[in-house]
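Novice: I have a structure I would like to understand better, so I am pasting it below and will then ask my questions one at a time.
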Amino acid sequence: NNCPQDWLPMNGLCYKIFDELKAWKDAEMFCRKYKPGCHLASFHLYGESPEIAEYISDYHKGQAEVWIGLWDKKKDFSWEWTDRSCTDYLTWDKNQPDHYEGKEFCVELVSLTGYRLWNDQVCESKNAFLCQCKF
């Protein structure tokens, strides 16, 4: 594994939690600027979710929800990953996504579910975030 020390290696990629609170778009830009090819994290296998959840629980300082790279760009429940990978795995929290009040188009890991399940949230909300990179 070629991941730097405080990054989580998984399936050829490296993941890191950042505790700085940012709006979703600013978090995605931060990941992209960190290193070319980095994005907010995308998930594709059931097995990735618990491993990442455990990593976040161990390293996340604070109670904030955590942005991942899923969003509803067209605002019609057609969810897309910022790294343009295939949306083949979704693990929503109960009664989600709901586009509550027609305002929630970005996806966060819910702290009350141990960061295992997802919720759609207002993109301007300030959250911690999870970057995914190749090193």
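Here the Cβ of each residue, glycine as well, is placed from N, Cα and C on the backbone.
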Novice: Looking at Swiss-Prot, which one of C123, C131 makes a disulfide with C31?
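Specialist: Looking through C123, C131, the record in Swiss-Prot gives C131 as the partner of C31.
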Novice: C38 forms a disulfide with which residue in Swiss-Prot, given the options C123, C133?
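Specialist: That record, Swiss-Prot, gives the partner as C133.
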Novice: Which residue, out of the binding-site residues Q96, N119, shows the minimum number of other Cβ atoms inside 10 Å of its Cβ in this structure?
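Specialist: Output over binding-site residues Q96, N119: least Cβ neighbours within 10 Å is Q96.
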Novice: Other residues with Cβ within 8 Å of the Cβ centroid of Q96, D98, E104, N119, D120 at the Ca(2+) site?
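Specialist: Here the non-site neighbours turn out to be W92, D93, P97, H99, Y100, V107, W118, Q121.
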